[in-house]
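I have placed the structure first, in the form of structure tokens, so that the comments after it can refer back to it.
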Amino acid sequence: MRFTTLSTAFLALAQNVYAFPIESDLSALDVTLSQVSDTRIKAVVKNTGAENVTFVHLNFFRDSAPVKKVSVYRENNEVVFDGIKRRFQLQGLASESLTTLEAGEVLEDEFDIATTTDLSSGGAITLRSNGLVPVVKDGAVTGYLPYSSNDLKLNIDGAKASTVTKALKPLDRRTKETCSNASRKSALEKALSNTVKLANAAATAARSGSASKFSEYFKTTSSSTRSVVAARLEAVAKEAQSASSGSTTYYCSDTLGYCETNVLAYTLPARNIIANCDIYYSYLPALAGTCHQQDQATTTLHEFTHAPGVYSPGTDDLGYGYSAATSLSSSQAVLNADSYALYANAINLGC
């Protein structure tokens, strides 16, 4: 890991503090995907429940950043996503990060998949979107709603797709310098040290610790899954050990302007780049003192798991927070970033 920045700007006391419920099966968001033109897609998100819902739209439809709104598949293999994955706070959420839909109401979002996916080879692809979106009351995440879409099959004109401007621009390496903010550098160095400790302890627990505790977070006790989880955590620990080498570049501050309100940090997985936001330092404690609470160390661990250069494939954000993460299947949990952060926190605190 290379520790750097850009010189120009481009809680409660019990184990279940953050164990939020999944909303009723009668409540859900239905997503309908359709083609507007070429690689431009329209998503219509409908609240199919009987009550109004307010949810976090970061990393979801209506987010204006180049986040992963759909998965793109070619011959059953997912095409590499070249955008950002953002981690946000669970409490004190501002209105600009939230969307409210009344019962039966819809929101529409249009986006171009070619801005975050290389489709220059053209041909047949399939789009789909599913997961869990955090529900908010009084500015705090209190539960989760499932969402799912239709499969949208497209035949892409590669020549047209290649003319679409990419969302992420190449970084100018000449603007890069050693992290010059002494306070942030010190905080991140401490977070990296804590990440090494937490990841190594969690890796040991994954290989030979409590089977029931492992199953709580990864929904299986199979030796093969335990080995994969342990290997990914060991890779995270190795990456966090050095500030001058490794597969990732870690910025003390925002590099591309994606640190909006409530965003703690983000990763560009296709480029193995991680960046912290201002509230990583002002909102998060160095280490959590309660189970499933967010902190700097597990946020850094979470971001490292997104980077395929650390361990391939990189993780996704399939379930955010304890309740959503522990509601995933085993195959989903092993690819869910927060499952690793939550498990490491649990092992550290004896949750």
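Each Cβ is built from the backbone N, Cα and C atoms, and glycine gets one as well.
Annotated signal peptide per Swiss-Prot: 1-19, in sequence order.
For ASN52 (N-linked glycosylation site), other Cβ atoms within 10 Å of its Cβ number 12. According to Swiss-Prot, the feature N-linked glycosylation site maps to ASN52 (among others), an assignment based on sequence analysis.
Around ASN181 (N-linked glycosylation site), taking its Cβ as the centre, 13 other Cβ atoms fall within 10 Å, counting all chains. Here Swiss-Prot flags ASN181 (among others) as N-linked glycosylation site.
The annotation Zn(2+) binding site is assigned in Swiss-Prot to HIS302, HIS306, ASP317 on the grounds of sequence analysis. Its Cβ taken as reference, HIS306 (Zn(2+) binding site) is surrounded by 23 other Cβ atoms within 10 Å in the chains shown.
Counting Cβ atoms from all protein chains shown, GLU303 (active site) has 30 others lying within 10 Å of its own Cβ. The active site feature in Swiss-Prot is assigned to GLU303; the stated evidence is sequence analysis.
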Taking only the CA atoms, the spacing between ASP317 (Zn(2+) binding site) and ASN181 (N-linked glycosylation site), expressed in whole angstrom, is 30
How big is the gap, in Å, between the Cα of ASN52 (N-linked glycosylation site) and that of HIS302 (Zn(2+) binding site), rounded to a whole number? 31
Note the Cβ centroid of HIS302, HIS306, ASP317, the recorded Zn(2+) site, then list each other residue of that chain whose Cβ lies within 8 Å of it, in sequence. LYS85, ARG87, THR267, GLU303, THR305, THR315, ASP316, ASN336, ALA337, ASP338, ALA341
